[in-house]
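According to Swiss-Prot, the features are:
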type     : residues  : note
SIGNAL   : 1-19      : signal peptide
DOMAIN   : 38-164    : domain 'SCP'
DISULFID : C75-C153  : disulfide bond
DISULFID : C92-C165  : disulfide bond
DISULFID : C148-C162 : disulfide bond
DISULFID : C184-C191 : disulfide bond
DISULFID : C187-C196 : disulfide bond
DISULFID : C200-C233 : disulfide bond
DOMAIN   : 200-233   : domain 'ShKT'
DISULFID : C209-C227 : disulfide bond
DISULFID : C218-C231 : disulfide bond
Amino acid sequence: MIAFLVLLSLAAVLQQSSGTVDFASESSNKNDYQKEIVDKHNDLRRSVKPTARNMLQMKWNSRAAQNAKRWANRCTFAHSPPYTRTVGKLRCGENIFMSSQPFAWSGVVQAWYDEVKKFVYGIGAKPPSSVTGHYTQVVWYKSHLLGCASAKCSSTKYLYVCQYCPAGNIVGSIATPYKSGPPCGDCPSACDNGLCTNPCKHNDDLSNCKTLVKKHKCQTEWIKSKCPATCFCRTEII
């Protein structure tokens, strides 16, 4: 049997392998598939080359999973509206996978990660037209909350959706989805097997917060309100 795997605008044909599973079984074992998804993401994040000094450990988030499920049930092979992808004040990113047969979640995540074959750290996609956004979202250092869901849309159409909070793939930084260096180099006292466990609880609203804080410190309420991560997270990953 041939399985058709689609990643956004990229279509590829895969041979059926041992990675295929019964969809009902995969969907019903909620705790099992949550652990499989989180463990797979963290394993891949630990294995990046070059290694990452600021890679956060991912954890499951039920709100992100609910948002992913609502979108998966629409059976639409397109990204959900950004305003529907939020967890608290965090905006979330999204990866989508479609197949003509069910896949194990570990296989879905691996397919996204495999775009690394056309990605060069510090340069970006190579050749430039290559699709690599799924890979960069999987390994985006700051994305640490994860929620995923799937839907059987027809006998030959299965949709898988993961949402990542806060969102990755920030314009201007896509070529460096994390900071290279020794594992946990930026979090030596908050490290779990190569991944940082100290995410900042705040999120900056401006892209130039480091410059603003360096120049003006955090002396005004405006800067503190717009740049809370830079102002208040001195030892956490931001």
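Glycine is treated like the rest: Cβ placed from N, Cα and C.
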Using only C-alpha positions, which one of C92, C165, C233 is spatially nearest C191 (disulfide bond)? These are the disulfide-bonded residues in the record.
C233
Among all chains shown, work out which of the disulfide-bonded residues C75, C148, C153, C231 has the most CB atoms within 10 A of its CB.
C148
Could you tally the C-beta atoms, other than its own, that fall within 10 angstroms of the C-beta of C184 (disulfide bond)?
22
Ranked by the number of other Cβ atoms within 10 Å of their own Cβ, which of the disulfide-bonded residues C187, C191, C196, C200, C218 ranks first?
C196
Quick one: give me the count of other CB atoms within 10 A of the CB of C227 (disulfide bond).
24
Taking only the residues in the domain 'ShKT' (200-233), give me the average pLDDT of this model.
94
Disulfide-bonded residues clustered about C231 (disulfide bond) [Cα within 10 Å; pool: C153, C184, C196, C209]:
C209
